[in-house]
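*Asks:* What follows is a single structure, and I will ask about it in a moment.
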Amino acid sequence: MAGRDPRDRAPRVRNRAPAAVQITAEQLLREAQERQEPAIQAPKQRVQDLEELSEFQARKRTEFESRIRYSRDSILAWTKYAQWEASQNEYERSRSVFERALDVDPRSVDLWIKYTDMELKARNINHARNLFDRAITLLPRVDALWYKYVYLEELLLNVSGARQIFERWMQWEPNDKAWQSYIKLEERYNELDRASAIYERWIACRPIPKNWVTWAKFEEDRGQPDKAREVFQTALEFFGDEEEQVEKAQSVFAAFARMETRLKEFERARVIYKFALARLPRSKSASLYAQYTKFEKQHGDRAGVELTVLGKRRIQYEEELAYDPTNYDAWFSLARLEEDAYRADREDGEDVEPMRVREVYERAVANVPPALEKRYWRRYIYLWLQYAAFEEIDTKDYDRARDVYKAAVKLVPHKTFTFAKLWLAYAYFEIRRLDVSAARKVLGAGIGMCPKPKLFTGYIELEMRLREFDRVRTLYEKFLTYDPSLSSAWIQWTQVESAVEDFERVRAIFELAVQQSLDMPEIVWKAYIDFEAGEGERERARNLYERLLERTSHVKVWISYALMEIATLGGGEDEDGNEIEGEAGDADLARQVFERGYKDLRAKGEKEDRAVLLESWKSFEQEHGDEETLAKVEDMLPTTRKRWRKAEDGSGELEEYWDLVFPDDEREANPTSFKFFQAAQAWAQQRAGQGEEGGLSYDLPSDSEDENEDGDEDGDGREEEGMDQD
């Protein structure tokens, strides 16, 4: 590398800008083609006389002999040599070369074909026949030689000779294409009986469904339907009635039915379809079912179409279940499908057995969920319930339905979770069988094994329907011993006692309830107060409100307390239907409650609750008060004022908010400025009344009329929420 001349290196390109004239690949190719020198052509030789011809032939033979001497196994060299001799009309020499080549490779199909082609070109027919005879004797499994031999004889109109060649060929039991060629030969010359005999020999050699169908189609096309039926019947007898054999012969059944359809024999076709489908499993007969469905839609009645659609849907569901056996939706669909089919057959007057439906249900419930989690079992347990309902309603097999319920109860892992719907369905089944004691035993076992609120509720509802109030009380005692925090259970118990007019027991139950740690204590207190108010016991209701206010001082409790004081309690109708006037309320007591509530909320600094209370108080005064009391409440209503405070995100920035300003708070905090503020506000209202512009820029109007409606709605909607401060 050190002695390399630097001048040999390629020059460095300094200007990388594109050239003004661009050269394309097309120009390069065109220029290369123009500059290409002409190829050397061999001189043409013209033979002038026989001497020169003999010299030329001798030279070419020498070349060919030299070539095959060095490449003796090259069939191409031998073929070229023989064909050149044939081109010189030296057929004897050409045959000699071909024979020498056959000595080298007698099994070369290409060599035999070119040898026969040479003889045929020279119109040496007998030589060609002899060659074909030698070839098929030596190579009987090469179809090309047979085809060429047959074609030669038929071309020469030697049909009998062609038939003899086919007969020799058929002795070797060739493939189906050879048999079909033989049959087509006979058809071309209208030898249909011979063709039918060939079909029979072909079937004996290769009895596959396709060949049977082809034979039957041939007989049908030549106007022999009875013969075609005989062919199909022979085929079906050959394949047999076993499942595997019928599956193999599906195409034969389908072709047989299609032929009968073409011949307008619809009942025959229907019988053929049903015969095959009855012996095949649903998963293996999808195509046959599809053809049967199409047949029924075209030529069947409504019942037949429904039956075929039923079978098609069966196959679809079976395929889904084969992929996922725990697909309970597919099991439900399949079970409903079988139930509908069973009911339809029974309505048609057929004597059907429910074995197919039971088989589906048994297979379905055998697929137990893999995990002990209730979310996996929810759909599964409905299979058992639907199974039991089918046995009870459709088959009237009550003992079997009871066994289904028992098996389901035994299967569920009750220590982990249970299903109240299962226990209740089992119990109501026993009720329908008029066995009340058995139903009680079932529900008792369920409560003893796995108590849950829904199970208690269902058992209590059953006893209520039976009017067994002592049992209902016992059940409620067990229910609340199991879970004393259920507010709804306490209320339901009091409703039961109210229905039997045992009011002292109702009060005792409520007293027990309010002493418990309830999940929703506000609804229990409200129910207790509503009960006393409904009985006209205002003093008892007042005591309950006082006890409730000791626990919570929510604004809704105060509002409800005040409205109770003004409401009319008691009343109703006596035994004769005469109306009884209730005890009227006292507006002064209601105002006292409002005042107490306002003071309590003011002491706690609850501005929003105070505003809600004042709005309710204002509505009360508008309905039950006079102008003086209403004006007093309106003077207590707050106004809105825009103020600023530090942001809660800790950034130190100020944020704007609207604050409620109560007159009594301002009066106590700034008595002097409050008087000035009142005078300024009165002056602003006076000017507004005269139609002049002006006002206080720092004090916005309170919009008390709009807030009236909003406050009332809020007050009513938050009534129960206020009692949740227990």
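Using N, Cα and C of the backbone, Cβ positions are placed for all residues, glycine too.
According to Swiss-Prot:
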- 89-121: repeat 'HAT 2' (REPEAT)
- 123-155: repeat 'HAT 3' (REPEAT)
- 157-188: repeat 'HAT 4' (REPEAT)
- 190-221: repeat 'HAT 5' (REPEAT)
- 223-262: repeat 'HAT 6' (REPEAT)
- 264-298: repeat 'HAT 7' (REPEAT)
- 308-340: repeat 'HAT 8' (REPEAT)
- 434-465: repeat 'HAT 11' (REPEAT)
- 467-499: repeat 'HAT 12' (REPEAT)
- 501-534: repeat 'HAT 13' (REPEAT)
- 585-626: repeat 'HAT 15' (REPEAT)
- 635-667: repeat 'HAT 16' (REPEAT)
- 682-726: region 'Disordered' (REGION)
- 702-726: compositional bias 'Acidic residues' (COMPBIAS)
*Asks:* Which sequence positions outside the repeat 'HAT 12' (467-499), separated from its termini by at least 6 residues, show Cβ-Cβ distances below 8 Å to it?
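*Replies:* Same-chain contacts beyond the flanks: 447, 451, 453, 456-457, 459-460, 505-506, 509-510, 512-513, 516-521, 523-524, 527, 531.
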*Asks:* Let me spell it out: take the repeat 'HAT 8' (308-340), skip the flanking residues so only those 6+ beyond its ends count, and list any with a Cβ under 8 Å from a Cβ in it.
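*Replies:* The answer is 277, 282-283, 285-286, 289-290, 292-293, 295-297, 300, 356-357, 360-361, 363-364, 367, 369-370, 379-380, 382-383, 386-387, 390, 394.
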*Asks:* Note the mean pLDDT of the repeat 'HAT 6' (223-262), expressed as a whole number.
*Replies:* 88
